[in-house]
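K.L.:
First the structure, then my questions, so here it is.
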Amino acid sequence: NLIQFSNMIQCANKGSRPSLDYADYGCYCGWGGSGTPVDELDRCCKVHDDCYAEAGKKGCYPKLTLYSWDCTGNVPICNPKTECKDFTCACDAEAAKCFAKAPYKKENWNIDTKTRCK
């Protein structure tokens, strides 16, 4: 679920940036998304959105699905239980690792999505 995703982000980035910093970044980080991602971090968010869409096609509710995971050496590790839990956990873990590797550009936070995300 989204709270677990937030915790995974903290695991992967070693607590270096609050999870909320990603909530209004670029064209895809946060609710919804459209247009072309503005940078590598925004691409991570688009991939995560697409992964959640795939989970939805499988009948899963990724924003609400609780799953089991551990933080081992700043790497989120999923403990598979059911298809929906495993799929959702994998979406979140891959996104958290992607966020940790991608540069955060302050100029892409809280952008005007109407003009920049076409």
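We count from 1, first residue shown onward.
Backbone N, Cα and C atoms are what each Cβ position is placed from, and that goes for glycine too.
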K.L.:
Figure out which of ASP39, ASP49, ASP50 sits with TYR28, GLY30, GLY32 in the Ca(2+) site per Swiss-Prot.
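P.N.:
Only hit among ASP39, ASP49, ASP50 in Swiss-Prot's Ca(2+) site, alongside TYR28, GLY30, GLY32: ASP49.
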K.L.:
Check Swiss-Prot and name the cysteine among CYS60, CYS71, CYS78 that pairs with CYS11 in a disulfide.
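P.N.:
Disulfide partner per Swiss-Prot record: CYS71.
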K.L.:
If you look at what Swiss-Prot says, which of CYS51, CYS60, CYS98, CYS117 makes a disulfide link with CYS84?
P.N.:
CYS60
K.L.:
Compare the C-alpha of CYS45 (disulfide bond) with the C-alpha of each of the recorded positions TYR28, GLY30, GLY32, ASP92, and give the closest one.
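P.N.:
Comparing Cα positions, the candidate nearest CYS45 (disulfide bond) turns out to be TYR28.
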K.L.:
DSSP on CYS29 (disulfide bond), three-state: which is it?
P.N.:
strand
K.L.:
Based on Cα distances to CYS84 (disulfide bond), point out the closest of the recorded positions CYS11, CYS29, GLY32, ASP92.
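P.N.:
Looking at Cα distances from CYS84 (disulfide bond), the smallest one goes to ASP92.
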